[in-house]
Each structure stands twice: as C-alpha cells, then as structure tokens.
Amino acid sequence: MVTAASISATQSARRSTLFADYKELVKPRVTLMVMITAAAGFYLGCLRSGISPFNTQFLEAMIGMAVVTAGSGTLNQVIERRTDAMMPRTASRPMAAERISFAHGLILGMLCIVLGSAFLAVTTNLITSMLTLLTAISYVAIYTPLKRISMVATFVGAFPGALPPLIGWTAARGFIEWPAVALFAILFVWQFPHFEAIGWLYRADYAKAGIRVTAVAKPGGVATAAQALFYAVVMIPVSLWPVYLGTAGWIYGVIAIVLGLAYLWYTLKFVRITRDLPPAESRKIARDLLKISVIYLPLLLAAMMLNAQGRIFF
Ligand code: HEM
Ligand SMILES: CC(C)=CCC/C(C)=C/CC/C(C)=C/COP(=O)(O)OP(=O)(O)O
C-alpha cells in the first residue's frame with residue numbers, strides 16, 4: 001500500500017541522491033583547493049594595498065569564483081560523460097551513470113558559469129569577472145576536448161589550473177601585478193608532478209578511454225618521470241619568487257625550500273616507476289606523490305600568507 005509516509009520517504013531519498021550527485025558534479029576537493037589558492041591571492045593582494053583581507057569583498061569574490069568553478073566541473077563532466085563511463089575511477093559520476101540527464105547538467109553548468117561571472121562583475125570588478133570566465137572557458141572548451149586528441153592537453157590545462165590565485169589577487173587589487181604572476185607560476189609548475197603521478201596511477205583507465213596523458217602516449221614511464229622531475233626541480237626557485245618580490249619574507253623562503261625539497265624527494269622516488277617494479281609498488285609511489293602534492297600546496301601558501309611582506313602571523 002502506498003502511504004503518505006512511503007511517498008515522503010521516497011521523495012527524501014531522491015532529494016539526498018540529487019544532493020550527492022550535485023556534490024560530485026562540482027568536484028568538491030578540487031574546488032576547495034582552487035578556493036584556497038584564490039583566497040591566498042586575495043589575502044596577499046589586500047596586504048599589498050594595506051587593507052584588511054577580512055572584508056565582504058573577500059566573501060563575494062570567493063562565492064563568485066566557487067560558483068564558476070562548480071559550473072566548470074559540471075560542464076567538464078557533461079562533455080566527458082562517455083569517456084568517464086569507460087573508466088572505473090569516474091564511471092559512477094552522475095553524468096556518466098546517467099543519473100543526471102544531459103540537458104540537466106548542461107543547463108546547471110552554464111547557469112553557474114554565467115551567474116557566477118555576472119555576480120563577480122557586479123560585486124568585485126570587471127577584470128576578475130572576465131578572467132574567471134576565461135578560465136572556465138579554457139578549461140571546459142579547450143582543455144577538456146583536447147584530452148582525447150593530444151598529450152599537450154595537460155600543459156594547456158595547467159593554464160586554467162594556475163589562474164585562480166592570480167584572479168584572487170585581481171579581486172583585491174583590480175589589476176595584474178608581478179606577485180600575482182609569481183603565484184600563477186607557482187601553481188603552474190606545481191601541477192606537473194601532481195598530474196604526472198595521476199596519469200601514471202590511472203594509465204590503464206586513460207588508455208581504455210582514449211585519453212592521451214604522457215603515461216599512455218609514451219609508455220615505460222621515462223617521459224612521465226622526466227617531466228615530473230624537471231618541474232619538481234624548477235618548483236624550488238619559482239616558489240622563492242615571492243621573496244624576491246617582497247611579497248613574503250625570509251622565513252617563508254626557508255619553509256619553501258624545505259617543502260620544495262620534500263616535494264622533490266617524493267618525485268625522485270617516483271622516478272623508480274621507470275624500473276620493472278611490481279604494479280602495487282609502482283602504484284604506491286605514484287599515490288604518495290599525489291598525496292604529497294595536495295599537502296605541499298596549502299602548506300606553501302599558508303607559509304606565504306603568515307610571513308606576508310616579512311611580517312610574522314597576521
Ligand atoms: C592539468 C592540471 C590537472 C590535472 C590533469 C588534474 C587531474 C586530477 C585528477 C584526475 C584527480 C583525481 C585523482 C584521484 O581521483 O585519485 C585530481 C585530484 C585532485 N586535484 Fe588535480 N589536476 C590538475 C590540476 C589541479 C589544480 C590546479 C588543483 C587545485 C589547485 C588540483 C587539485 C586537486 C585535488 C585537491 C585533488 C584531490 C586529491 C585527493 O583526492 O587526494 N588539481 N586531479
Ligand atoms: C576559477 C575557475 C573557473 C577555475 C577552474 C579551474 C580548474 C577547475 C582547474 C582544474 C585543473 C584541471 C585541468 C583539472 C583536471 O581536470 P580533469 O578533467 O582532467 O579531471 P577528471 O579526469 O577528474 O575529470
């Protein structure tokens with residue numbers, strides 16, 4: 001018998017499934033990291049202006065960027081619904097598993113990008129709104145389709161990936177300056193060990209779906225390891241650029257060197273993928289590098305913020 005209670009239970013189950021699907025669509029962990037990097041840019045920009053970073057402009061900029069980032073993640077999954085369905089890591093995503101329809105995902109993603117960018121234009125400034133829109137477009141319309149065409153895609157994807165802290169800076173300052181470019185460079189370089197580890201970890205998945213990451217296009221691991229290693233070495237001088245610019249002090253510099261050496265250490269261990277290791281061991285060293293990459297970045301940015309312009313803490 002269909003009772004009011006059973007109808008209400010079904011509706012509530014549907015609502016919680018939809019909520020869980022929306023959560024998955026916005027890629028919460030990546031979005032959170034994007035917000036952390038943008039917040040760092042905003043914070044440092046405010047200190048450069050000599051104003052407190054704890055203001056309503058901060059909240060407005062974060063909300064606008066989070067909504068656009070969420071929309072970008074959604075449209076990425078709309079476009080990749082077929083390839084996502086081929087890979088165990090992504091097969092249960094709401095678009096891939098067809099729990100959310102094409103039109104539903106498309107409208108939701110577009111709405112988030114348009115409304116988030118408009119919100120930024122009204123509350124923050126035009127350059128921040130335009131750069132955020134450009135970031136979303138380059139991620140969705142250039143990087144995402146390119147993944148199936150060329151391994152250059154990851155290099156291209158590193159541009160939208162690196163823009164959020166620069167955008168955080170423009171939200172505070174209204175224009176692009178050298179410290180913002182330094183933040184962009186740090187993020188840009190950081191991504192290579194991060195995604196080469198992921199590419200190696202999921203190379204079988206990527207090959208199945210026809211996605212041309214380095215580990216698929218050049219099997220054996222030499223090119224994958226060489227790229228990760230090159231950028232992990234470059235990471236150390238690039239992370240010191242804010243010290244040269246006076247954006248952060250020497251204490252940050254020391255911490256950046258220590259963190260950079262740790263990132264380099266795990267990347268050096270990753271180079272062992274080129275040997276004939278048991279698959280479980282090879283996966284472990286790639287997973288360790290991925291983990292260290294997502295620990296390294298917030299720690300580096302936190303050190304930069306705490307020692308901003310040579311001050312200690314706030
Ligand atoms: C071309 C650039 C990038 C590529 C190809 C890439 C790819 C990926 C992939 C496929 C995962 C999922 C790994 C898994 O499920 O095990 C991932 C995880 C992640 N990525 Fe990236 N990413 C890139 C750049 C970025 C950027 C710019 C950020 C943020 C600033 C970021 C933050 C994260 C975080 C926080 C995770 C979650 C790690 C975890 O679950 O432990 N990524 N990335
Ligand atoms: C402000 C704003 C709009 C920021 C957006 C920037 C952004 C989302 C960068 C992510 C970088 C990136 C290339 C991630 C990998 O996606 P993937 O498609 O390779 O990951 P997947 O395989 O898990 O789908």
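Backbone N, Cα and C atoms are what each Cβ position is placed from, and that goes for glycine too.
What TrEMBL lists as transmembrane segment is 30-51, 57-79, 100-120, 126-144, 151-172, 178-202, 222-244, 250-268, 289-308.
Of the candidate ranges 57-79, 151-172, 178-202, 289-308, 151-172 contributes the most Cβ pairs within a distance under 8 Å of the transmembrane segment (30-51).
Here the transmembrane segment (126-144) does not lie next to the transmembrane segment (289-308) in space: the count of CB pairs under 8 Å, restricted to residues six or more apart, is fewer than 3. Of the two recorded stretches, the transmembrane segment (57-79) does not lie close to the transmembrane segment (222-244), with fewer than three CB pairs under 8 Å once pairs fewer than 6 apart in sequence are set aside.
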